[in-house]
């Protein structure tokens, strides 16, 4: 709108000169000719201007152009305004719109207000009718237009006029709020009562291209034109509003910046008045800090070199911040070796026992490691790696060791790390470079001898950005980590005093070179008895504290804890058990706050369904009896042991073996070995049977769960033997062990977990490989005392104990080489 106002105040000469059309007024457009016709009027050219009928306009012209204009109009002071559409490049031809308006000169006065300017005249003009130009003619050296009047359709009712005028006025007032110095024009628009007059006043202020204004002029209906103008005004109002809002925000931001600058200048003046000004340049401050830090020589030289670079940087230079961050990192790191406190073995034992129940072998190994440290008094030696299922206390053991040694505790999770730079850091040439997690951990510790737990090191993966496990080799190797090189620091850092502890769920995902540098300590699954003690001594107390309760508010009975362990959790650790206890605590908290129940609130086994819902886990129980072809085996899983039923049936066929239940290759091979042993060892027993005309189908239930491993060998053998001899096996008997083709029973792993699972499921007798009998030392006494264990060396012993079969001695054929050669052709 403001630009249109400025254009309105331009003289006609200035307007023509500004838009480059003065020289084109005397040009012969291609459509001109010298034919005379009636209804002709001279043409007045006003570039970049579209006017509506009923428009009043004032022009300031110098004397020459005033004379030209007066010669152009007819005797009635009428002329036709046409607006050039485009200028064809190269030939100077001008193309005009076909529709224009008739202009009438109302008055002409000389402008005498400014005597310093050249002589000018003020012309008052009135736009009359809209016309269609048929031809453009040249007559007496001037251009004329042959035209016809285009009547406008004005069928507006009084109500429509009132409504349209109201909408125009309201929109104009809204726009005027955003723009300064528009009161004069706003009052002029509001003062018009006729819709066409109002449109004529608003039209010059529309911020739309010339061709769009021409389209509005060419509309026949005044009503449609008014509606379109209102729509354009509303769009213009929204656009101006957005611009003003952005300008307001920008202005506010600039004001805040100016305010902050002003306050800083004022502070500087105040400090100068109080002699508080610190004119010490940054590089001098850093030099003093580096000197006071007494860094190692190599590190000090590197830091001073960076300070020298800082001196050359200009103020607010991007490189300056990079150097400052580097120097701050150097100065925040601990460089001087701490004197390690004397290791109190008695205190360490007490700390471990207070924080963790059970884990006897693990605690013994940790204490042995600490005693070596106490005697050696220099490097820590081997790096400990705790391996075990989730929730068995691997990470918390590291925290207990830190407390026992009175050292800082730092934990870094490496799960999901697939970039070597996460360990070694990024080079400072990269934008946003940072040191690696090891150096950041040391900065956090503040000392050179923390207990540093590297959590989930088996969860690291290799990617295009390198292999982080390879970077850990230098960190965890006692022969190398006294000069660990971080890409960000670019100076060696001594990690030899750090007590590194790693944790992992599985050894399979740890590369051999890294595993070779670690002292592996395996943590087994907790037994139900151990879980019960942990819940009593640790979990319930922690949950009560977390929920703002005390032992006087909530009691959980012994049977309820057992039920939680057996029927609501199925895990190797105790995290799930703690979640269930927390759910009980939330329930009781609500009862106390809302219902004001009597305290202590006692939760027994019968209340668990109302609090926790249906049982969430189920353990298989042995049946009263097994049919022939069904035998109970023992299995190891990441969450502990379990019993495993193996089933077999005979089918008509050709002595083929069919296996189902998602069995792995090793387990399939064990079944084939079992079948071969049955054929060789039971040949005498089966000589009268039709076993050779039968297929054997073996299935292991829980078909959705993959199963593999050699420990089901004896169970598969016994299952087939039970089937073909039609002899059932005692349902309270279970077994585990690998078999060889020679009929040997070989040792397997996971004996502790398997035996505990057997006891939980009601098994009374377990057949074990003879070499695994020593592993029963790890089984809790309360479990061993309820069961009978029988050592097995051969499959013959297994079949005798399970089925009562006495097989003949397995003797090799006594045939000499000479006898074989005699019958060989």
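From the backbone N, Cα and C atoms, a Cβ is placed for every residue, glycine too.
As given in Swiss-Prot:
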type     : residues                               : note
ACT_SITE : 711                                    : active site
ACT_SITE : 754                                    : active site
BINDING  : 388, 389, 390, 391, 392, 393, 394, 395 : ATP binding site
DOMAIN   : 41-237                                 : domain 'Lon N-terminal'
DOMAIN   : 625-805                                : domain 'Lon proteolytic'
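Here the features listed in Swiss-Prot are placed on the structure.
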residue	record	CB count, 10 Å
388	ATP binding site	23
389	ATP binding site	20
390	ATP binding site	14
391	ATP binding site	19
392	ATP binding site	27
393	ATP binding site	24
394	ATP binding site	25
395	ATP binding site	16
711	active site	29
754	active site	31
* To do: Sorry to bug you, but what's the C-alpha spacing from residue 392 (ATP binding site) to residue 754 (active site), rounded to the closest Å?
  => 17
* Mind looking up the mean pLDDT for the domain 'Lon proteolytic' (625-805) in the predicted model? => 89
* Asked: For ATP, what surrounds 388, 389, 390, 391, 392, 393, 394, 395 with a Cβ no more than 8 Å from their Cβ centroid?
  -> 386, 503, 505, 523, 572, 573
* **Pairwise Cα distance for residue 394 (ATP binding site)/residue 711 (active site) [Å, integer]** => 28
